[in-house]
Each structure stands twice: as structure tokens, then as C-alpha cells.
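Scroll down for the structure; my scribbles are underneath it.
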Amino acid sequence: MATLVTLPSLPPAWSPPSEPASSISPLVQRRLIPAGAAYLAHIKRTLNNHTFDEYDKQLEEERKRLELLNADGLNGEDDLGVGDEEESPELLLLDAKEWKKQDHYQVLGLSHLRYKATPEQIKIAHRKKVLKHHPDKKAGASHTTNDDAFFKCIQKANEVLTNSERRRQFDSVDPICLSLEEDDPSASDFKGREKDTAFFFKTFAPIFEREARFSKKIPVPMLGENDDSKENVHAFYDFWYNFDSWRSFEYLDKEVNEGSDNRDDKRYTEKKNKSERARRKKDDITRLRNLVDLTLGLDPRIKRIKQEEKEAREAKKKTKGGMSAAEQKAKAEEDKRKAEEEAQRKEEEEKVARAEAKKAKTAAANAAKKARRQQRAADTDEAAPS
């Protein structure tokens, strides 16, 4: 049902608006460049084929991950589970001056991760250790001045592990890695177990996984399985016999005597360090080569491949070139047919050649006879009286 509405009357002082005095600016075309957070979010959604809900969910998960990553360790959060290892009494008694002898991963509570620890995990572990072992915190708690040697060890560990070059040098001589190398198997460990395939792979597979992290070339082929093909097995040994390692031994260099400004002392120390690094590098290459030799000698796949090649040679020998009797007969008949065709072709070619030669000989004789007749005719004309 319609309702009638009465509009109010215009005020007495109202007058219609006049035309604007200034003119309208001309139309200008401008180019808009897509940019900004909204456009980047649109691109991410388009590339990942995400809906708005999926994209918001992904942002929320990333926000939570960053919150865990940047947690301060004071509210009981797990902080990715790093830096919570308890320190042994021996660890707390480390001498900060002998920092090259300390296990930096153990000091920061990263023994379970070691070289796999990410920069974020190292940062979190360092923060937790600082909050726990800072000298000011200890002094305030016990009202005494405590030895800050272990705190200095924490700072040194963080200094080494947050520097990519120095961390690589430390990883090259990681004490845990060195101790594992001392436990590498020998031929005597396999005495009486040469046919134990499971024991072979169980023993050597972790060793090559451990050594693979030193490779300059990526990816690194692993030991594989017992049923690997001949090509894969040969590719594995080709790679490891030509292994290119980035491992270095600068971390074990001896420092120049403190307080010594003698150039000769520095040069002598540098020369000796260089010689020691070269010796250790050579020893490491020899150790790895011996390990690959031992693996090759015990590899059941090599024995299987050799046996398969031997059987193939014997089968080939029995069939006289790898063909059955029917194939040999067919080949002999084909060879005979080809030989007959070749002989017939040669005979025809010789026949044609003889005919051509005879024809050429006849033509030459006729030409010579004609030349003699012409010569006699010329002689007769000269002899006739004028």
C-alpha cells in the first residue's frame, strides 16, 4: 500500500546554485602500476591456486611458526625443541681459553642436531643458554660473584656457529664425526659374514650418509639396495672414487704465540699450519679411498653382477656367438646367397668390361687402317706427274 509523503517547502532564502567560476581540468590518462601488499597477495594466491580461505589459513600457520621461532623461552614454550639439553658437570667446568677443544653444539644444547641445526635453531638455543647462564642473573640469585667461564664458552660457540665459514671449519673436525671415523669397519669385522647381505648394508649405508655432507657435488648417490642395477652400482663407485670434498682442517691450526710480533714466528707458524692441513687432507682422502675399496670388495651386488656376466659369456660361447642352430643355418644360407649374387655381379661386370675393351680395340684398328689408307692416297698424289 503506497503512502503519500509531503515534502517540506523550500526556505525563503534559497536560490539555485550558480555555475562554477573555474573551468574543469582536462582529462588526463595515467598508467597504474600493480604494486603493494594486496597485489603481492593476489599473485601468491594465483600462483599457488589458493582460495582466500586457504591463503588466510597459510598466513595464520606462518604467523604461529614465527611466534614459536621468536619465543623468548620465558613462558615455557618448547622453542622448536632446541637448547634444552642438560649440561654435565664436566661441560660446566670447561676452560673458556681452550675453546678449540670444546664441542660447540654440546655447549648450546644441539648435540642431537649438530650440523643439521638451522640458523634459527642456533639462535634460539643461544638465547636460552644466555638466559640460564648469564653471570648477572646468577649473581642476583645467589648474591655472589660467579665464574663466567661457561658463559664465555656459550658466547664463543655462538660466534663460531653463526659464522658460515668458521662453522664449516668446525664441522670438518667435529669431535663426534672424528670419533665415528675411528669406529669405521675393517675387513676383519666381516670375517665369516661375507654372505650376510643385511649386515653389509646396515654397516656401510650410515657411513656413506655421514660422508655425503662433505661433497661439493650434489646430489650424492647413496649405497642403495641389493637389487640395484649394474648401471646404478657402477655410478655409485665412480662418484665415490672421484669424491670431491670441501672438508678442510683450518680449525686445528695452531695460533701464533700471544704477544709475539716477530714476523719470522708468524711465517713459521703459518707454514707449519699449511703443511699440517695438507697432511690431514691427504690422510682423509686415503681413509675414504680405503673405505670405498673395502665396500667394493665386500659388496654382494658386485659378486652378483660378475656372476651374471660370467653366465652370459658362457651362454654366448655355447651358442657360438649367441645364436641358435636355426639362426646359424639361416645366416649361413643368407651369406651363401649374398656370395653367389656378388660373384654373378662381378662376372657380369667383367663380361661388360671385356665387350667394351673388344669394341674399343676394333675401333682403334679401324681408325689405324683408315689412317694408313689416307696416307697411301696422299703419297700417290704426290708421286703423280704434274
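In case you wondered, yes, glycine gets a Cβ from its N, Cα and C as well.
Summarising the annotation, TrEMBL assigns region 'Disordered' to 1-23, 257-281, 307-386. Feature annotation from TrEMBL assigns compositional bias 'Pro residues' to 9-19. The domain 'J' annotation in TrEMBL covers 103-174. The feature compositional bias 'Basic and acidic residues' is assigned by TrEMBL to 328-359.
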Same-chain residues near the compositional bias 'Pro residues' (9-19), Cβ under 8 Å, at least 6 residues beyond its ends:
none
For the domain 'J' (103-174), jot down how many residues DSSP puts in helix, in strand and in coil.
52 helix, 0 strand, 20 coil
